[in-house]
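**Q** Handing you this structure, nothing more for now.
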Amino acid sequence: MAHLPRLSMRGVLGPEQGPAAPGDRAWLTETPMNRLAAYSIIAGVVTGVLVAGVNWAVILTERAVFGVDHLQVLSPAESVTPTRLAITLIGVGIVTAVLWFLLDRFGRPQVAVPGAMQGKDMPVVTTLLSAFLQVCSSAAGAPIGRENAPRLVGGLAAAGMATTFRLDGEARKILVASAAGAGLAASFHLPLAGALFALELLLVEMSTRTVIATMVCSATAVATTSLLFDNPPFYVALPLTEGPRFLLAAVIVGAVAGSAGHFFGRVALRMAAHHARGVSLLWQMPLAFIVVAAVARVIPGASSNGRWAVQTTLDMGGLLSGPWDATGRVMLASLALLFLARTVLTLLCFRVGTIGGTLTPAFAMGGTIGAAVGIVMQPLFPDVAVGAFALMGAAAFLCTTMAAPMFSMLAAVELTDMPSQGYLAMFVAVIAASLATRAWAVITDKEHRALPFTSQAWTGESL
């Protein structure tokens, strides 16, 4: 096979050298590509099994807390009475505060995926407990995403393999990143997006070795998890087209939602970096969940990971009248309230130490912004449904929150099983989001470096 040139997203690279190999044992100087592909298959199988366990933990938690799971209803948290939901959230805050405190006090220091890529050992028990605690708290109603956990277990599996097989530093970096992306892919059934996550955010380069490893690992993990866990499409969206009005709408909503997502991502990183630790967890987290409970009792969709909020906005059609009549004003006010509630509650949970992700929360916030833009723009775009604006807004918001345009576009496509005629509009939306972020840097005369929200946000490690 002809080798692709090594294309780095960071800029011009020097000689292709990985991080120093850990330990003083006889490590391989360079892992052949066929062997790396074989290791990627093994890592994909192990990751797929672990992710299936994580997904079943979500199901069992939802059934225990709400009596139903997200395979039966759109959002288990919205299937119970507001009072029961509020009481549940208060209980979740107390229980998770104690568990995070115990893990912080007695567990070994956690190592994020970027750290494992650089040769650090991930503590097995602490990492697994953290991963399962993350998904269980999200399943029980915490307004955070759960995609960080499958990335962690994937990285853990690959890091252990790299140490066992004594891989060189470059191969270790590729394998750990590939398995982390594969964990995300297997959890949400996103084979292409998971591989792109590893390439775009973790490895930040494309070469024959990285492309093969990430694709093989992602496909294997998704196939393995599918054998053990049924994962239907996450969302059902209205179809998009390549018409001029759709593309112009994509530019507008992409710029608006993308700008909001950029600033949300920056604040989220700051909240995660300064999250509560030690004894502070025991009082800050329960208080935060009391606030979450109070808000969720009066605002539907404010708790949990945002799936209900996303699908609600995606189901919106067109308005029969203008955006400023009674119906339009009520819808705009409701969307603004939901966006504000979800933004504040997610950031609050990050600040008090509730570890999690931003994928589905960002998708929900972007959907509400997109729907609001769609309502306002209905007189100019009567043939573009509000739900279409919501979908493009969700992808744009996710793009700048995670600093990953390619991943965000493919994630939106795969999460909704979108037909191919909608790809161009999604592409335009994420491009507009990225350019809007750059425009803010020019306007403020500051270089707004886009930093991805990954597990290193909680450990302080650098990518």
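Glycine is treated like the rest: Cβ placed from N, Cα and C.
So TrEMBL says this about it:
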{"type": "TRANSMEM", "residues": "36-59", "note": "transmembrane segment"}
{"type": "TRANSMEM", "residues": "85-103", "note": "transmembrane segment"}
{"type": "TRANSMEM", "residues": "124-144", "note": "transmembrane segment"}
{"type": "TRANSMEM", "residues": "174-199", "note": "transmembrane segment"}
{"type": "TRANSMEM", "residues": "211-229", "note": "transmembrane segment"}
{"type": "TRANSMEM", "residues": "249-269", "note": "transmembrane segment"}
{"type": "TRANSMEM", "residues": "281-299", "note": "transmembrane segment"}
{"type": "TRANSMEM", "residues": "330-350", "note": "transmembrane segment"}
{"type": "TRANSMEM", "residues": "362-381", "note": "transmembrane segment"}
{"type": "TRANSMEM", "residues": "387-411", "note": "transmembrane segment"}
{"type": "TRANSMEM", "residues": "423-443", "note": "transmembrane segment"}
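On this model, are these features tucked inside or out on the surface, and what's nearby?
**A** The list of residues near the transmembrane segment (85-103) in space but at least 6 beyond its ends in sequence, with Cβ under 8 angstroms from a Cβ of it, reads 65-66, 77-78, 126, 129-130, 133, 137, 140-142, 278-279, 281-290, 292-294, 296-297, 303, 353-355.
Beyond its flanks by at least six residues, the transmembrane segment (387-411) meets 188, 190, 192-193, 196-197, 200-201, 237-238, 240, 246, 249-250, 253-262, 264-265, 268, 310, 313-317, 358-359, 362-371, 373-374, 377, 423, 425-427, 429-434, 436-437, 450-453 of its own chain at Cβ-Cβ distances under 8 Å.
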**Q** Does the transmembrane segment (211-229) reach the transmembrane segment (362-381) with at least 3 CB pairs under 8 A, where each pair is 6 or more residues apart?
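**A** The transmembrane segment (362-381) and the transmembrane segment (211-229): touching, no.
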**Q** Same chain, outside the transmembrane segment (124-144) by at least 6, Cβ under 8 Å from its Cβ: which residues?
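**A** Hits for the transmembrane segment (124-144): 54, 57-59, 61-62, 65, 76-77, 85, 88-89, 92, 96, 99-100, 103, 107-111, 150, 152-153, 156, 160, 289, 292, 296, 302-306, 342, 345-346, 349-350, 354-358, 361.
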**Q** Establish whether the number of Cβ pairs under 8 Å between the transmembrane segment (281-299) and the transmembrane segment (174-199) reaches at least three, counting only pairs separated by 6 or more residues.
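**A** No, the transmembrane segment (281-299) does not contact the transmembrane segment (174-199).
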